[in-house]
């Protein structure tokens, strides 16, 4: 899943400035513009020329001015994120054949979901958010399920990105210190940094920093690929000359990214029935393709919504080529020994520190965006509840907050401190990135991407579905629920293994 470009709710609400936000968020008659997912809110800035600073040149959602190419670019910024760094590890757990089969299966499923969302929007053309599709298909129950899933995703994404930033900081500075800082201290540092920067409520003021985050990811990717290829060649030359690479040929974290001959067509975990790592690898790949929760908002920004499926197909093709290529290079070079985020498998060196520093900037930029949007949503929810139980005028005013700047400074500080605090605590309690990603994917991403869209399509498109497609969608609901359950159990099992010092992902 992914990363998104810098933005906030301001651009979205500006397009709906005359609409009321006074009704409860999950009520039967709640206005359709009451909630925005983090990624759609972020993309709203990139799609609005009134706030753009050299980015996309299309208008906000109400203008319907985005071309297919611009929507493809927005999708790429949304979906290319931290899932990329897990692809070599996923191949190591699955092997060449299961890894590539899973990758291409998810690519086809993602492309199909683009056509499905396009048809769902055609059935409910007044929809602005995915919750509106849910309401049209299943009434209040559908809207509630969507919003609960989206808000759960909002909250847990902050934890994932806090852990990513914490581990990146640790690997970037540890070689510079005589004694490495404990992970919890790195987590505290990250929490303080995001708390301070999070007080800049209009993310447009941090646009240069967010652009640096995107550029940092590309630089880190180039560094890792270079290191993978060079290390593999050096190892091969050493083998041809009869010498052994430093650290031996066994590999592991201490030997760096050296060429391993043990990269089987079918992974050892797969062959040996070690189902938990295999399930976690599949969940990581699902996470890498995640983005369906923001599809509806992107459709509404297009000049020709009917061509959204073309944008998804093109974006998916680009991602699949990148994921497949990076995964193949990593597995070819590192073999079955790669674990977790591939950058953290590099030998301690200045190059590894530079790569870790760059992905720290990437994680921090994405964290700030999610912190901003989740804090806004959280304050709106709290203010609506508080306005019904108290006469506090400050809370009453915030029920109509149309942008992040409409909240009181004290409330904003308290809310950002709360989000940063629980993210820091959970990141230290579950300091295993793959495990955390697996847990979040099983609880939220699968539901957003497959379970709910399939259910809504059966309700809204029943007269337009062929027998085969209807059977596919009907089967997809229990299959996705079963996968979510397996993923949840695998995440818990992996966490217990890792917590007691065993080897997980």
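Placement of Cβ uses the backbone N, Cα and C atoms for every residue, glycine included.
Because the structure is a prediction, the values reported are computed rather than measured.
Residues or ranges marked as region 'Disordered' in TrEMBL: 37-56.
Residues annotated as domain 'Amino acid transporter transmembrane' in TrEMBL: 65-492.
What TrEMBL lists as transmembrane segment is 94-114 (among others).
Annotated transmembrane segment per TrEMBL: 145-165 (among others), in sequence order. Within the same chain, residues 25-26, 35, 37-38, 82, 129-131, 133-134, 138, 187, 190-191, 194, 293, 359-360, 363-364, 366-367, 370-371, 373-374, 377, 419-420, 422-424, 426-427, 430-431, 433, 436-437, 439-440, 443-445, 447-448, 452 sit at least 6 positions outside the transmembrane segment (145-165) and bring their C-beta atoms closer than 8 Å to a C-beta of that stretch.
Counting same-chain residues at least six beyond the ends of the transmembrane segment (180-197), those with a Cβ under 8 angstroms from any Cβ of the stretch are 162-163, 165-167, 169-170, 173-174, 206, 364, 367-368, 371, 416-417, 420-421, 423-424, 427-428, 431. Annotation source TrEMBL lists transmembrane segment at 180-197 (among others).
Annotated transmembrane segment per TrEMBL: 209-229 (among others), in sequence order. With a cut-off of 8 Å between Cβ atoms, the residues of this chain six or more beyond the transmembrane segment (209-229) that come close are 3, 5-6, 77, 80-81, 84, 203, 256-257, 326, 329-330, 333-334, 342-343, 346, 351-352, 354-355, 358-359, 361-366, 368-369.
According to TrEMBL, the transmembrane segment annotation covers 275-299 (among others).
Summarising the annotation, TrEMBL assigns transmembrane segment to 311-332 (among others). Nonlocal intrachain contacts for the transmembrane segment (311-332), taken as residues 6+ away from its ends with a CB within less than 8 angstroms of a stretch CB, comprise 68-69, 71-72, 75-76, 79-80, 84, 87-92, 96, 99-100, 103-104, 107, 110-111, 113-115, 117, 221, 225, 228-229, 232, 257, 259, 263, 285, 288-289, 295, 298, 302, 338, 342.
The transmembrane segment feature in TrEMBL is assigned to 412-433 (among others). The list of residues near the transmembrane segment (412-433) in space but at least 6 beyond its ends in sequence, with Cβ under 8 angstroms from a Cβ of it, reads 82, 86, 155, 158-164, 166-167, 183-184, 187-188, 190-191, 194-195, 198-199, 201, 340-341, 371, 374-375, 378-379, 382, 404, 439, 494-495, 498, 504-505.
The transmembrane segment annotation in TrEMBL covers 439-461 (among others). Long-range contacts of the transmembrane segment (439-461) within the same chain, counting only residues at least 6 positions beyond its ends with a Cβ under 8 Å from a Cβ of the stretch, are 1, 109-110, 113, 116-117, 119-120, 123-124, 130, 133-134, 136-138, 142, 145-146, 149-150, 152-153, 156-157, 159-160, 283-284, 286-287, 289-290, 292-293, 430, 470, 473-474, 476-477, 479-481, 483-488, 490-492, 495.
Non-local neighbours of the transmembrane segment (473-496) in the same chain are 275-277, 279-280, 282-283, 430, 432, 434-435, 438-439, 441-443, 446-447, 449-451, 454-455, 457-458, 465, 504-505; each lies 6+ residues outside the stretch with a CB under 8 Å from one of its CB atoms. What TrEMBL records for 473-496 (among others) is transmembrane segment.
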